[in-house]
Amino acid sequence: MPEAVQPTESVRQAEIEREQRHVDKVYARLDAVREEAERTHREGFGIAHARTPGSLVERDAMVHHAAQRLRALDAEYEGLVFGRLDLVDGEVRHVGRLGMRDDEHQPLVIDWRAPGAAPFYQATAEQPLGVARRRVIRSDGPKVLDVEDDLLDLAGAEAAGVSVTAVGDGALIASLARAKSTRMRDIVATIQREQDEAIRAPAGGVTIIEGGPGTGKTAVALHRAAHLLYRDRRRFEGGGVLLVGPSAVFMSYVERVLPSLGEETVELRSLGAVMDGVRSQRLDPPALAGIKGALRMRGILRRAVREAPTDAPRELRVVFGGQVLRVRERELANVRRHVGGRVQRANAARQEVRRALLDAAWAARPQGVSWERARFNEDVADSDAFVDFVPRWWPVRTPLDVLASLADPKRLARVGGRDLSPAEVSPLARSWSTVREDPSVADIALLDELRTMLGEPPAPPRKKDPYLLIDGVRELTSAADREFASRERYVRPDNYDGYAHVLLDEAQDVSPMQWRMLGRRGQYASWTIVGDAAQSAWPDLAEARAARDDALRGKRVRRFHLGTNYRNPAEIFEFAAPVVRRAVPDADLPVAVRRTGAVPEHREVTDLVAASRAAVDELLAAVDGTVGVISTAARRPEVAGWLRPDGRLQVVDGMQAKGMEYDAVLVVAPEELAAESAAGVRVLYVALTRATHRLITVGANDSWLNG
Ligand SMILES: Nc1ncnc2c1ncn2[C@@H]1O[C@H](COP(=O)(O)OP(=O)(O)OP(=O)(O)O)[C@@H](O)[C@H]1O
């Protein structure tokens, strides 16, 4: 970077005041725009007095748009202007969370997603892209606190009359060093070039973003969603954007960092909530999750659908022409096999079933009778015995009915066939004995697979109309109702499969069966897929990759790589990296950019309880923000009992730690995490890379550290 002159304090103050004057103008304009939106909101309600159907529709549209505008303005209030570009031709651009113009339509601030803001993220000293100086403005609400400059083109700056006095020592490092809070940090002002390229990549096809821990993959994924909506709102809002990832992490980013991704534009779901009507956050133990996620489950489920329901009648008995006709168990099994082999969706097979049963009953007629077949069909099909038999023998089943039927180990062993070893049958059957009340995250993908095999059950009764009828006019009771009703237009059908974009975080942990569930929803979509194979908890990476390729159905793939770790200080990452390198020699290891001087410490102890308590006290005293305590899933409840989790102190297991970030981390018994499953070392690596400032590990030995 070109040499900049060190500023004096008065120069810094003068620059802050200069920015304050501009920021004041922007907030004054924001107030005026807000006022305008509020007026529209009020007037929208006024239109209702006319009480014609047309006026009600117009009112809803006005109320909806005004409310949306107000929400966007309120959401982006904090740090509205965060950057400034001085171009070599003398032009000045302020960059912010939304675009705003003054009364004369001159830009006061441009949206960070607009093409004009791209140089703010992409310009470097080697390629200044016409930028003399880039400035990051740090504020608290409308008050400017500080500015940080990068001088990118000294000669250009001199030519443009820009002061060559650069204030501060670089916005990124300043931002990372400041990070001490319970919140995810806001990166919009310090997005780096490699991240920006992934954020702004074209929308079509599949964009795969890979990078090691802390490289900003989640942050980039969310900013990419915001960018897509900005560039082509109509397409992405219309079709919808589905964002899948660990919901706790997403929620904290979205609520605090990217409020403009309101829930009405983007659907945020965790893997346990992708299917409508059921949801789960409970993870199975790794071995069980491994079986439930594997592709061999498909065959098992298909056979389970074809099995007779547990309480199906064993004989069909009908009367015709004074004769009792019996279709016995074995013939019924043949009918079931025959129909099961022909129909795609079991719940839609009633016609086929009726026909096949009539054929079987006809075949059971005594020899020598000369009945008319058409008459036989009509009479038997209308008989009480037949009408009663069909829905009991071939009932409409829900995915939960079928999965719960596999809680019977004998039935499971039968449908499992060669796809399940005898040792796998009983833990699986046991886990499904409570599936109706408490399905696991892995079960959700199985239920979704069953949903497609069974077909949708008959539609439930229509939703209650949110309007009330007042004087014959559909009316609402409160402003909140009105807003709710106007939002209803954006509600998509259950298990919607027409998303315009699917964005998937922590993709390395998606099982093959989960890829199938996601693939069904994204068949017409473009995709963004974010992950790091070295952090995968999935045992068979090759099968998962093949399932991913299947879900993407040959779409064109574009790849981006992020190589800088912004979360961990170098001391922490240097401690964690060798652990994973032994298990995954080609792990994608990023470079950590920050040093704090605090070296992580492993304590070999015999009294785990006392050592954990002491370490937690130390960490709580050392940092202002959150402390995460990470152990195996089996040990987590016990560890929570030793400590007193509260807002600042969280106790999680290795899988729950995915994507999370804490100021300080204590890993309890890392040797147990490493041994917990086939992918244990990779999960331990996740645990060791969650801290922004301090890391301590306590355990019985250091086998995991020294291989
Ligand atoms: N350009 C940036 N400027 C400032 N902070 C950044 C930047 N990029 C990332 N960060 C911060 O680094 C941390 C890690 O980011 P994020 O959680 O998105 O990484 P990740 O790659 O998803 O991590 P992991 O794979 O370990 O879960 C976050 O606190 C984020 O705000």
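Each residue, glycine too, has its Cβ placed from N, Cα and C.
Taken from TrEMBL as is:
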{"type": "COILED", "residues": "16-43", "note": "coiled coil"}
{"type": "DOMAIN", "residues": "190-569", "note": "domain 'UvrD-like helicase ATP-binding'"}
{"type": "BINDING", "residues": "Gly211, Gly212, Pro213, Gly214, Thr215, Gly216, Lys217, Thr218", "note": "ATP binding site"}
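Everything TrEMBL records as a feature, shown here on the structure.
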residue : record           : CB count, 10 Å
Gly211  : ATP binding site : 23
Gly212  : ATP binding site : 28
Pro213  : ATP binding site : 28
Gly214  : ATP binding site : 25
Thr215  : ATP binding site : 27
Gly216  : ATP binding site : 25
Lys217  : ATP binding site : 25
Thr218  : ATP binding site : 20
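Less than 6 Å separates the Cβ from ligand 1 in the case of Pro213, Gly214, Gly216, Lys217, Thr218, drawn from the binding-site residues Gly212, Pro213, Gly214, Gly216, Lys217, Thr218 in sequence order.
The ATP site is defined by Gly211, Gly212, Pro213, Gly214, Thr215, Gly216, Lys217, Thr218, and by the 8 Å test on Cβ atoms against their centroid, the other residues of the chain that qualify are Asp532, Leu562, Asn565, Tyr566, Arg567, Pro590. For the coiled coil (16-43), the model gives a mean pLDDT of 86.
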